[in-house]
């Protein structure tokens, strides 16, 4: 792994487009992101963060509407790399421009959907302000890591992607995950009638196999992205996502089992037939 991480970053002292590749900072933030994910995994073994169905009664007084929260917290992940792109005259000194364009578009499209589409369509309950601010901070770090890495650190030669794994593997994993995520969000949004706040058993699609089908799709997307970029930033965020929303999947599954006596017994939390 040490050799792999070293190969994904250029020399930190190499100047590119009037901006250095801050390799040491990238490594530090990536390690911090993975540690934060592992800390969350360990710290939330016995309880889940207060949001949505896990809000206390009475709920926290300082909340914001779900649509506002999603828009505010997801925006930095989209805005930061776009700002970096606009202030950079040309991409990093790589041999092949296609991988750079592909990866950045891949990333921006995902967070454009989460910021402008999902936030407008969600029907979730109000979100505590501290949860929104924490998520916004994480998205800011992620936006900087992915944008700075692709713009100033990544180097892809003409042999990409055959040097590691074929591009079709990454695309298949990403787009299957994307399809699962979007379809699962659609199912969840349409579970309730307008004005309803009750929770119901989701049915259809991957919900026939797992309780958190939308989280399964999101995790698959980010591991597809990490394979495509073959980068420490991509890998670190994939691990963070697995740890962070993996715990959510577990508590969602437990909630369904406790609330609904007729909940399908063979349905797993996150990984079909396994967990």
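Keep in mind that glycine also has a Cβ here, set from the backbone N, Cα and C atoms.
What TrEMBL records for 126-275 is domain '3-oxo-5-alpha-steroid 4-dehydrogenase C-terminal'.
Look at TrEMBL and you will find 22-43 (among others) tagged as transmembrane segment.
When Cβ-Cβ distances below 8 Å are used as the criterion, the transmembrane segment (64-84) is approached by residues 104, 107-108, 111-112, 114-116, 118-120, 122-127, 129, 131-133, 135-136, 139-140, 142-144, 146-148, 150-151 of the same chain, each at least six residues removed from its ends. Sequence annotations record features per position, and here TrEMBL assigns transmembrane segment to 64-84 (among others).
Nonlocal intrachain contacts for the transmembrane segment (104-121), taken as residues 6+ away from its ends with a CB within less than 8 angstroms of a stretch CB, comprise 67-68, 70-71, 74-75, 77-78, 81-82, 85, 139, 143, 146-147, 150-151, 174, 178, 182, 185, 189, 221, 225, 228. Residues or ranges marked as transmembrane segment by TrEMBL: 104-121 (among others).
Sequence-distant contacts of the transmembrane segment (128-145), counting only residues of its own chain at least 6 positions beyond either end whose CB sits under 8 Å from a CB of the stretch, comprise 26, 29-30, 32-33, 36, 49-51, 55, 60, 62-64, 69, 72-81, 84, 111, 233, 236-237, 240. As annotated by TrEMBL, transmembrane segment applies to 128-145 (among others).
Sequence annotations record features per position, and here TrEMBL assigns transmembrane segment to 165-188 (among others).
The transmembrane segment feature in TrEMBL is assigned to 234-251 (among others).
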Q) Averaged over the whole of the domain '3-oxo-5-alpha-steroid 4-dehydrogenase C-terminal' (126-275), what is the pLDDT? A) 88
